[in-house]
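To start, the structure itself, in structure tokens.
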């Protein structure tokens, strides 16, 4: 009875040990157990689960191998088609061939020209003794993206208000896999201000992409080109959708401007640049003893005595207001000038001064001053470190000078060597019982010393 129970327990333990050497997964739809790999050192699956992206017409390399005794292997498509690897190697299937390298790729196959039917999951099954090893990977057969579209009302230009956030959308209706979308304003990459959403267009892995750029455009952006650029595995170069910007803003503000080195008696023309979009509807020069109380107003364009005014358009919202003063006098330099420019978005005053003096020397910016201070600090630290190192070096040399054994000049190498040899000889003589020896004193000179003789013979102390 006991013997029978022992046999049953041993048999059960053996079964559990065999089961523990296998790694498996449960097929959720069917509930079947599928063995993926074997933990034994004799059998192991060689398989890369990374997805493959391939263009139509390109070869599709499906690698699969195993270490150990392989009985057979097959490939199965997502649609349920099964390909016996041995039949592939014997050219049974059209369009499927054996790979050039089968080392570690004993069950690999090559699809000579990928088509849309090859898109989806592929499963490699390797049959070994009493088990099967399974590897799955996703194959994406690309679909060329549709052209990018900027979703704006007017394709000729995009009109936005300056310094206010404006959303701009760019979409790609279909692509497999999804495209990569980038945004450019002129030559500057502004993708950081955009968010892209990808949504499945069908169950075949085709995606629709929508990117929204949210950005505040400045007056300086007026006339620049905004570009939505897409890249994809099927494209040799990025495909772009562009639109020029029409930024609406009132005349852009500027700080006080001073014109220097005006010669008395000359005909001097003030040329002041400003930007405005839409174009100005009113512009005039005002001047007097102060900015707030002008004594004279001269419209642009006009001729008023010694003053001639005009306006030059430079393009993309840039203008130059001109004021020609005939026979410039000191009184003209004592006045304060204001250029008033107004458009449909608002009015801006520009303050101007005219001077016969030399232009002041340019002052250093805060960054430049900080840089100079840092350099000076580095120099001071370096000098302190050098001084400290020299002090330590002198201290070390002084200590060496006090030592009886120190290094001599190179020209005295011969003397030093001889002195050292004499010292060694003297030591040897002392050990041998000699009483005279020559040693180097603290000044490096040789001096005679006397050492009591020590007899190795035992003295007779008997009376």
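Heads up, residue numbers simply count up from 1 along the chain you see.
Positions of Cβ are set from backbone N, Cα and C atoms, glycine also.
Heads up, TrEMBL stuff is auto-annotated, nobody curated it.
Residues annotated as signal peptide in TrEMBL: 1-21. Among the features that TrEMBL reports, domain 'Ig-like' is placed at 29-126, 145-244. The compositional bias 'Basic and acidic residues' feature in TrEMBL is assigned to 405-415, 449-463. The region 'Disordered' feature in TrEMBL is assigned to 405-463.
For the domain 'Ig-like' (145-244), DSSP puts the residue distribution at 6 helix, 56 strand, 38 coil. Mapped onto DSSP helix, strand and coil, the domain 'Ig-like' (29-126) counts 8 helix, 41 strand, 49 coil.
Mean pLDDT for the domain 'Ig-like' (145-244) in the predicted structure: 95.
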